[in-house]
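First up is the structure itself, then whatever we jot down about it.
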Amino acid sequence: MVFGTLYTFPGDQCRTIAIKAVAKANGLDLDIRETPRTPDHLSISKLGKVPAFQGADSFKLFECMAIALYITSQNEQTTLLGKDKKEYAEIIKWMSFFNTEIVILMTQQLLPQLGVIPYDRDQVEFFANMTQRSVDVVEEYLQDRTFLVGDQLSLADLFCAGNISLGFQFFYGKAWRQQNPNVSRWYEMVCHQPIYAAVTDKFQLLDEPKLTNNPPEKKPETVPKNGAAVAIEATQA
């Protein structure tokens, strides 16, 4: 029986990965709709943002964190929400941090280079530096830690790895990873977890960045569908 309908874009949409991963692990069958902004979708999210969710019982949710927490909580024995209230609060803390202080800034670095919004070299550089400031916080935090919260995998790891996958898809080549070994180690660890790998494309790392702060070569309408969709929607939920 279908548990609910999830509205998203095709491919590894950065704010949807954790939702898909936890749903699959919990045995919850989701009807994945990859053509957003249909009337049904807009009845849930008036702004047409993804992800959006409607349960088989007609319960509606938008905002990625809310959906991820709701899907995870369907398993009352889950270990993904922490061992106690403090760990639960930390999980939400890191989800919020990545969702606001990394993804939003990173997409302002990304969208101009994809030709989705006007390109300005100084603005791209500004947002790249702002993103790195936030990533530096995580890099320092992970110096002597394997997981973001506690001593086992949590929803924070799944959700935040999905968020920062944009960086590893477009920007984070070998040189960057050498300069940010803790974040890189953590990201690779999460990507190889069966729960995460089961719903994502084959894991690959860049040797060189795909984008290095240059004007887009293609017009917006010819930007690869998946890359543009991932980038645009990363700013919207």
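Glycine too: its Cβ is placed from the backbone N, Cα and C atoms.
Among the features that Swiss-Prot reports, glutathione binding site is placed at ARG37, LYS49, VAL50, GLU63, CYS64, ASN99, with the record citing experimental evidence.
According to DSSP, GLN108 (substrate binding site) sits within a helical segment. According to Swiss-Prot, the feature substrate binding site maps to LYS49, GLN108.
Annotation comment: Swiss-Prot describes 208-222 as compositional bias 'Basic and acidic residues'.
According to Swiss-Prot, the feature domain 'GST N-terminal' maps to 2-79.
The domain 'GST C-terminal' annotation in Swiss-Prot covers 84-222 and is backed by sequence analysis. Note on the domain 'GST C-terminal' (84-222): mean pLDDT across this stretch is 96.
According to Swiss-Prot, the region 'Disordered' annotation covers 208-237.
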Other Cβ atoms within 10 Å is the metric here; tell me which of the binding-site residues ARG37, LYS49 scores highest. LYS49
Quick one: pull the CA-CA distance for GLN108 (substrate binding site) versus ASN99 (glutathione binding site), whole Å only. 13
